[in-house]
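These features come from TrEMBL:
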type	residues	note
DOMAIN	164-433	domain 'Thioester reductase (TE)'
TRANSMEM	508-526	transmembrane segment
DOMAIN	510-603	domain 'Fatty acyl-CoA reductase C-terminal'
TRANSMEM	627-652	transmembrane segment
Amino acid sequence: MLSAVRSSWCLSRRVATSAAATAARKQYSTSADSNAPIELGENPFAKEKVQCVLCRHSISPDYKNVQLLSQFQSPYTGRVYGRHITGLCKNRHEQVEREIVKAQNAGFMPTYHKAVEFLNDPKLSLSTMHSFSNHPIGLLPVEQNFDPSKPSITEFFAGRDIFVTGGTGFMGKVLIEKLLRSCPEINVIYILMREKKQKTIKERIVEMQQLPLFEKLRQETPELLGKMVPVQGDVSLLGLGLSQVDIEQMRTVSVIFHVAASVRFDDPLKTAILLNTRGTRELVRFAEQLPALRVLMHVSSTYSNPDRYVIEEEIYPAYADWRDTIRIAETFDEQTLDVFAPKYMGFLPNTYVFTKSLAEQIVDEHKDRLPMILFRPSIVISSMKDPIPGWMDNFNGPVGLLVGCGIGICRTMYCDPNNIADFTPVDVCIKAMIVAAWKRGTETPAEPSPKPDLPIYNCCISNLRNSTMSQIVELGKSLSDEIPLDKCIWAPGGGITQVRLHNLLRVLMYHILPAILIDGIFRIMGQKPFLAKLQRKIYTANVALEYFILNNWDFKNGNFIRLASEIKPEDNKDFYYRDFIEFDVTLYFRNCILGARRYLLKEKDENIPRALSHLKRMKMLDRVCKSIIVAIFLYIILIQFDLLGMLLYLIAYKPSYALDIECK
């Protein structure tokens, strides 16, 4: 990172400026800091090339025919720290670099930096350098790149038959709801489903339609719910478990969203291969039978290649051949595969990312025969606002951490406090998926291209809006006082550490021992104990996540960001997704916790005052227990070991050698 910052941005370069240029900058500063629009006149730098502080190239900005964003809600602000990248300012330089990448990925290019006089004055102290205020960089907006001859998104999907795998999962539900609500002229959405918990697929689809997620559809256009058609099948089975009747019925499908996957990190290798890898092969075989197919989107993960710390929007070689891997999974039993799984997977940490990387190879090899898209979301969590703020149906990602802390059962976590939590709101992800499918569907040629293209989108926002694990934990602590949980069994608290021994001691003191004590009380009261079992699950989940919460990745998402510029103006209201750049993180996580109360814990908002009173009692109990523990500790140390008597003796009776020293 250090060399990259030095070579890429050359922050220690000096600025060759003249008095005229300095005056021009001051004039621009006055207009840029005001709320009035910037007047675009003669270029103040037309006669000289200014060496950009933030890059190694000489630039000659031309403001003619370019509209600067004078009222951009979140303008890029950066600060140049120090003349050289030393240990003292390395973090500051990395911060500036991240902000530059954030601006570029958002579609803006830094032009020049104002007030950089400290770079030319070696007499300025370190504190003086760091006291400079943030100076805005000139930003060039990305031009809208939409094609007016293309149909709109709603027009493209009108009358089409859609096939969705994983439609009963978190992303699948939101995708189906969004397609029905924003593209109401869709003909039908086939949803691959299997019977579960003695419920038929028809019973499951009716149950799904009663979720709060579909409330807006139920109230405004309930007839659209009839376009959801369940199809009996299973991605892990050969032929997707489809009957011949269903295959014939779905021959008119023109858009496929392959969202189904096992996201468990601890799945046996055989199970993960059959579902994530072979399931993708079976879907591709099914798609080859569809004469009207325009788009096949495979949803992968930004973490499918975690052995690389810079993830471009491209295909990377896998550790194994997908054909051999499927053949092995079909031949050997689960126990045999689990024995040699660590060796077979190479440097990949779990079966999930291994099988997802193999699935990407299948997609890449079929790009010349099918109109494929590879879509890689990061950690997908609660919705930002569409269709309802805070919608969530699982405890994955930061939401699970906030809920665990709010209940009081998660009080320590082993991770890097500065680790970037790369999460994406589910509605942002779904909008981008639909836009990408529309773009691919309107560009698919009638004849196979001699050089087939595979569009790849890394759907992530950490380089634009990042939050560290420590920031999320602190935010959760502050929000727990505002929005407590009814099921709180202890006062929220704790923290994170990257020292393994420290974490193990805290797990023992704050997780295991209290769980054993509380479960014992439950047994005495004749109730079923549950806390020790729950803590075991939490510990297992944390172990599975260690690889990801101790490392950081640099996800490149240029295609994902530029995709938004191709949306036609009439589609912006329903499908524009780059508004996440400006969303309020605190407000977002507040909605996440409210959503967790409503949709995961089934708690009512009117119970919040009662939960606040309960939280106060828990905090008081926490203080009392801590005081008792401290008192017992002091009693053992001072009374049982007579340390108090020894201390009083030393104070009251000085040793003889001390008296001799005083006499002398």
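Just so you know, glycine gets a Cβ as well, placed from its N, Cα and C.
Within its own chain, the transmembrane segment (508-526) is flanked in space by residues 409-412, 489-490, 494, 532, 534-535, 538-539, which lie at least six positions past its ends and keep a Cβ under 8 Å from the stretch. In the predicted model, the domain 'Fatty acyl-CoA reductase C-terminal' (510-603) shows an average pLDDT of 88.
Taken residue by residue, the domain 'Fatty acyl-CoA reductase C-terminal' (510-603) breaks down under DSSP into 71 helix, 2 strand, 21 coil.
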